[in-house]
Amino acid sequence: MTTNARDDDGGSRRNGPDEGVDPYRKSSIFSAATVATPLTILFYGIVVLSVHRADAAAAAAVAANASSDDDSSGDFGDSFSWEHIVQLKDRIMEGPDGLEVMDLVLLGTISVLALELLNFLVKRSGYWFHAKFIPVRGKHLDELSSKDNLFIGLNKLATAPFVYFMVRYMFYEPNSSWAPRNITWMNTLLPLPIIFVAYDFFYTLLHWALHIKAIYGYIHKHHHHQKAPSRANVDAVNVHPIEYFLGEYNHIFACFLYCRVMGMELHIAAIVLFLVIGGTLAGLNHTRFDCVVKLWGATIYDSKHHDVHHRIPQSNYGQYIMLWDRIFGSFRDYDPNDRINPKAQLDQATGKSIEYMNRKKGATKVE
């Protein structure tokens, strides 16, 4: 079945089969492969929690034997369960240096699982909000190579230590605030636009530097194998680990500038919003969803701008906003009149290009 849909320029174009149909309703997309990673992480999280619980039980038993006070009530299982929670909470409240190895493993697993959940939500969000699709104009990376999967896996795992160092920095930052009762718009909402602008200033410079010919082939070229991103955060983190490290820890640097250089108070709730919003926008940058955020008529964010960058690399270096690209002269607006190759569009049932699926069907017939 094929349909005619309105393109961005108001004209009509011929789309692939069942365009606009939620692909997650089709078994080939929402398959075991789709949920394998989250379930695997959840499984290991349960294993880690079980081991953590056993270690805490042993520690509690030793403490109970060494104590001369035996007036506690209830069986050991009930007291241990509560004691385990209290002990972990107390270690967290003591700060990063009070955490044990298994605490770090458990919290790191939760961080990676949170990234997987965010990726799932971003991939679904366009269908929930009935977003328009950005037509594919560049070559879609239909199959991930072993190198792609290696980099994606390493970078997902690297999320855990990044979160740890972000939390560690905020814990020891004199201008940080943690108590829920201290949340105000001045230390939680006001910092967000400032931090995003500061982050993107340095990210734009970094991104531009990674496109320098002498450097490009060693690091950033890998990310540009995909010229029509579609897998949300999976395509977003499909970068060289060095690039991922520099981009992620730039978040900490932006917070440092706000707290230490500007001398402003920053609540930990602002950090949570900063990372969640940033992860969402970075994921949307690597989907086919046409997502635009405007404020008083001015475009603050447009996912099409990063899609332009993947096709025309010497433009739109910013991650979240195009402010610095406009200032530096590297901004290139999205042109809805650019040529569209119908065969390059994605098959909604598989997420692969129609051209790729046709080749695959042809090879199957030959066999």
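Using the three backbone atoms N, Cα and C, a Cβ is placed for every residue, glycine included.
Annotation source TrEMBL lists region 'Disordered' at 1-20. According to TrEMBL, the feature transmembrane segment maps to 29-51, 101-122, 150-171, 183-202, 266-284. Per TrEMBL, the feature domain 'Fatty acid hydroxylase' maps to 194-330.
Taking every listed stretch (101-122, 183-202, 266-284) in turn, the largest tally of C-beta pairs under 8 A with the transmembrane segment (150-171) is reached by 101-122. Each residue of the domain 'Fatty acid hydroxylase' (194-330) gets a DSSP state, and the totals for helix, strand and coil are 84 helix, 13 strand, 40 coil.
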